[in-house]
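Novice: My structure is below; once you've seen it, I'll send some questions.
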Amino acid sequence: MLELTGLTAGYHGGTVLHDLDLTVPAGSVHAIVGHNGAGKTTLVHTVAGFIRPSAGSVRLNGREMTGQPAHKVARAGIGLVPQGRRVFAGLTVAEHLRLSYRPPGRGDTSRPSRWTPERVLELLPRLGERRGNRGTDLSGGEQQMLALARALLGSPSVLLLDEPTEGLAPLLAKQVYELVGTLAEEGIAVLLVSPSPAQAAECARTVTVLTSGRVTLRVDGADARTDPTALHEALELTPVRTAAR
Amino acid sequence: MDLLDAHFVPAVDGVAYGLLLFVVAAGLSLAFGTAGVLNLSHGTLYAIGAYTGAELSDGTWGGLAVGLAAGTAAAAAAGAGLSAATIPLARRGHLAQALLTFGLALIGGNLLIEFFGADDLPVRVPEALDSSVTLLGHRYPAYRLCFILMAVLLAAFGTWVLTRTRVGAAVRASADDPQMLATTGHSPRAVHTGVLAAAGALAGAAGVLGAPIIGPGAGTADTVLMLSLVVVVLGGLRSLWMTLLAAIAVGEVQTLGVSLAPDLAPYLLFAAMAAVLILRSQFTEPATAGAHGGGDGGSDPVAWLRRRLSASFSGRRAATATAEKAVAEKAVADRREPVPSASGGPLRRLLSGGRDDGGLAARGRKAAPLLALLVLLIALPTLLDAYTLSLAGSALALGLLAISVAILTGYAGLPTLGQTAPFAVGAYATANLADAGWTAGPVQIVVAAIAAALFSLVTGPAVIRARGTTVLMITLAIGELASAAINQLKSLTGGADGLVGFPPTQALFGGEGMVEESEVYNYALAVAVISVVVTVLVLRSPAGKLLTGTRNAEARMRASGHPVGRYLLIAHIGAGALAGVGGSLMVTVQQYLSPADVGFEIAAFALLAAVIGGSTSVIGALLGAGLIVFTRDWVASSWPGHGPLLLGALFVAAVYLLPRGLAGLRLGSGPGGRGAAKADQLPPDHDSVPAGKVAP
Amino acid sequence: MTATTAPSTAPVLDLKNLTRRYGSLTAVDDVSLRLPSGARHAVIGPNGAGKTTLLNLIAGTDRPDHGTIALGGTDITRTATARRSGLGIARSFQQPSVIGELSVLDNIVLAGWRHHPLRRGAWWRPSRYRQHAESATRHLEAVGLADSAARPAADLSHGQRRMLDLAAALAGDPRLLLLDEPAAGLTDGDIGRLLTILGGLPSSVAIILVEHHVEVVAELAETVTVLAAGRVLITGPTKEALAHPEVRDAYHATAAGQIGADRDGAPEAAPDGVRDTAEARG
């Protein structure tokens, strides 16, 4: 379970994220939606340990993670699939898998499941066919699979997905969302940043709307599916025309 | 066949030499390409290994083994220390790193001489290898053959680790994206430390094993650094095989080349390096131009090299410019940009160029410290003894060189290690003029300036197309080529002996030659003041804004129709002329001229003086040069033999204590400001001024 | 693959079969485009589709491997960036490009310098420089930055930098204006002002707009080119292009579920919500 309380963070003195509370129970998907600049990626980067929060805390299964460096956050069981995939350009798929494979310690019972390269390849067979190819030689979809594999090989209890369908064809995007559902069923807590409120509502148990770094709405995924009006209003998608005229 | 026969031994020597360089250069390029550290103390790491190996070598296998272990470990530890020292500088760019590592190299070199003595140490190889074997009908030292074998093994092992192991994958991943490496549970900091330790270990091992080839001595570190820089540049970091090829080529030039064509060999290396760099910067020019000063950082040659190291061009990773990223980038960009000169005392405003146009009163206030400095400089002849006064004169000459470097580095964005070349042109022109009887000061100054400007016009096109670290390398090559030319053109330069015994300069037409130190000093001061005033006026005119625009946002300037290349060329010529004037002054002050006065060390000092001064500050560069001459010649005279140590300490302190240089000093107005100005300006009644004292 | 607006005069811009490769990646693939004087044209498509590369080819910061570029009938394929600026091409940058150390006013003075009738001697004559500053002030007023004229450009907010970048592009009185995501990172109020400024430009100025924000595209552009993986998917009038089945299909996953997708028949999701069908070709 991932718990954020009073999280406040930003870059070099500027605050992007204000006093954010958020919980992702094990085995569920929590979706974040919001406009560009709302602080979605800042949120993900703060949880991943890239940014040190100026206030508030990040807890993983009750364990204090606030201010830990990124590699310790990763070792503790928080996996990240970053925006733009960011696979290693010069490493082959096989090297990615080898570098990322990090079985949890024997005493660590908090992990929902153990991932090995074999199991990852079973789930994502396409990567097996591309073992010898470098990161840059992969298509967008394959890079996305590789970024997911990289995160899974740490056997995470929490998975941070930052716009995982960015740049993917609709069919592939659908597969990614199905995959996210499967992983949550395994017991992983998924924090999903989604560009699309509809998709977020489709697969998430809870949807949080972020506006200028603050939570402006939190709704049940099921409610948002049946009646998206509240979500739509919170996102206020049409001010441009009125401003122009 | 005869030709081949006669040169067989040098050719095999070249292979051994090349493999030695490959091992050293591999460490340098590892540190540069994957840890982002431009390590100018890499040669010192080699020297650590070489000295340790020589000290422990007693002609037995055990001695060699102990030496290898100890030398490797010592150099690895030094590399790890370097990692700790450079991590805080990660955001400060490569000039800060260069300043730091150069300072550390000076300190390290001085300490090594302290411990092991100034003479070259004899190296004893194990007796079993201290013989010669017959190779294709030639006698050849067994040790060298054995060395070739060991170097091949070492290179193969390193390549295997880097390309085949998980550790190697982590290193390459870290070069590509350290943040993402962290998400796989590996500490990027540990990788950084590990890479620099490994680079140190490679240099150290090469030092121990290569001691019989490039032995431990006072010039070892410089030689090794220069040659491995050439190898890295020629090899291009693209692949280890290219580095190997480049290393062998350099080794052959150093051995076979010298035996075949002794006259050409000195030029060959640096000419090849310059050619490769210039060609490469032409190929990448469009992308560079597009990205410089506002794009995705593609203009940074290190970033470029890193990308090259990892893979071919990655166009797929399109930057998604979310506003969040924009905030972050803006914040980073803001940190890099100098704080506007609104706050702080008058000295600070003066040092940072004082770009705001205040009223008359404000101008008066701003000018006050400048006037105080001028008064102090004018009063120096009454305060100082003759020797110190001549040092002050040298400082003025070096100061003009430093200002010329600051114009290129700070204003034009072309960090240069080659301004000693136009400086030398001015100096040798003056000396030759004097020799020919043209002793009138104005004639010497004008001819020196014109000659240096012409020289810069010729070299300019090679310099202005590149950016960042590539410029450093191209200008380094130009400086070294000039040095080689100086050593060869004996009729004009006196070769290594230098020039001496030419008549003294006359301040004006007619009149007596200046012999009194105070006369010479006043002449130097007058020339320096005129040069500084002209420079400041030009830089503060709209022409200076054109340069600032080019440096800050080159893509914007081009898109607005500015012929950026022409501006940079004009700046390069102007800076060259100024350096020429400095060279002329130096000859007048010193009354002799040797190649060491215009060598790499002086080029480095000038760059460091400009950096210490704050890069975009004319007066800062002048003060920086003063501080360096003061430390090297004046403070060091009370602690003989420790000039490099003191200078190194000065550079290291400047990196950490003065992140914005002297121009960044936050000094209150009033007595504090003037006091510090004096501290910079070398008061004669102190034994030493610790560099830290000028920091707030 | 040609814009459908009737060419009454010589086209201000004529691209023929432009191709640009980086290694194995073809960023711009056989793109042809013809724009009449005063055209308002948008280029949309997923990230990595080659939009910025296309702008760079037109502006001259990048050179095509194949194809030709003509401005007002003159071939400029091999012309340097600075010369193209003199011929009337101006641009804004994806990351706003400002001279941080200089004042806002000086930024515009430098931007307009080479286009000013009194450019000779301005580098050393203060009176000439003052005349430049007067025209620069007018451009600053147009984008609402006149009050900040004396501030260093480094102090500006992101939105203000965008406006300054735009003012710098306009300072040369261009006949072809290239805008690279001018609305990215802007607040809604800023976007409104941006639309007002661009809408108020003389009709002789042709605009090529690269923009993710479909609202801005729909508001400003008369014609649209959709790029995917470097190739032109479709070129046509804005509404037709956005309603084209292939485009709708490419946008389907987000557009279908997108709030307000039915307004004006234009999907409101930024096109990068779902990208590059072609990029996923394995």
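Our numbering is plain: 1 for the first residue shown, then up by one each step along the chain.
Here the Cβ of each residue, glycine as well, is placed from N, Cα and C on the backbone.
Nobody curates TrEMBL annotations by hand; they come from automatic prediction.
Remember, predicted model here, so these are calculated numbers, not experimental data.
Positions annotated as transmembrane segment by TrEMBL: B:15-41, B:61-87, B:99-118, B:142-162, B:190-214, B:226-248, B:260-279, B:391-414, B:443-464, B:471-489, B:567-590, B:602-630 (among others). For B:673-696, the entry in TrEMBL reads region 'Disordered'.
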Novice: Give residue numbers and ranges for long-range contacts of the transmembrane segment (B:471-489): same chain, 6 or more residues beyond its ends, CB-CB under 8 A.
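Specialist: Sequence-distant neighbours of the transmembrane segment (B:471-489): 94, 98, 226, 229, 233, 263, 266-267, 269-271, 273-274, 277-278, 281, 414-421, 424-425, 428, 459, 462-463, 495-496, 595, 598-600, 603.
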Novice: Out of B:15-41, B:190-214, B:391-414, B:443-464, B:602-630, what stretch is closest in contact terms to the transmembrane segment (B:61-87), meaning most Cβ pairs under 8 angstroms?
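Specialist: So the stretch in question is B:190-214.
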Novice: Between the transmembrane segment (B:602-630) and the transmembrane segment (B:99-118), are there three or more C-beta pairs closer than 8 Å, counting only pairs 6 or more apart along the chain?
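Specialist: In this chain the transmembrane segment (B:602-630) contacts the transmembrane segment (B:99-118) - 3 or more Cβ pairs sit under 8 Å.
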Novice: Which sequence positions outside the transmembrane segment (B:190-214), separated from its termini by at least 6 residues, show Cβ-Cβ distances below 8 Å to it?
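Specialist: Those are 16-17, 20, 23-24, 26-28, 30-31, 34-35, 37, 39, 42-43, 45-54, 57, 64, 67-68, 71-80, 82-84, 86-87, 123, 125, 143-144, 147, 150-151, 154, 158, 167, 170-171, 174, 178, 181, 220, 223-224, in sequence order.
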Novice: Residue list, the transmembrane segment (B:443-464) vs rest of chain: Cβ under 8 Å, 6 or more residues beyond ends.
Specialist: 274, 278, 414, 416, 418, 421-423, 425-427, 429-430, 433-434, 471, 474-475, 478, 505, 509, 527, 565, 568-569, 572-581, 583-584, 588
Novice: Mind checking which residues of the chain, 6+ beyond the ends of the transmembrane segment (B:391-414), have their Cβ under 8 Å from one of its Cβ atoms?
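Specialist: Hits for the transmembrane segment (B:391-414): 95, 377, 380, 384, 420, 422-423, 463-464, 466-467, 471, 475, 517, 520-521, 524-525, 528, 531-532, 535, 539, 544, 547-548, 550-551, 554, 567-568, 571-572, 574-576, 578-579, 581-583, 585-586, 589-590, 602, 605-607, 609-611, 613-618, 620-622, 624-626, 628-630, 633-634, 682.
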Novice: Counting only residues 6 or more past its boundaries, what in the same chain has a CB within less than 8 Å of a CB in the transmembrane segment (B:260-279)?
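Specialist: The answer is 7, 227, 230, 233-234, 236, 249-250, 253-254, 462, 465-466, 470, 473-474, 476-478, 480-481, 484-485, 487-488.
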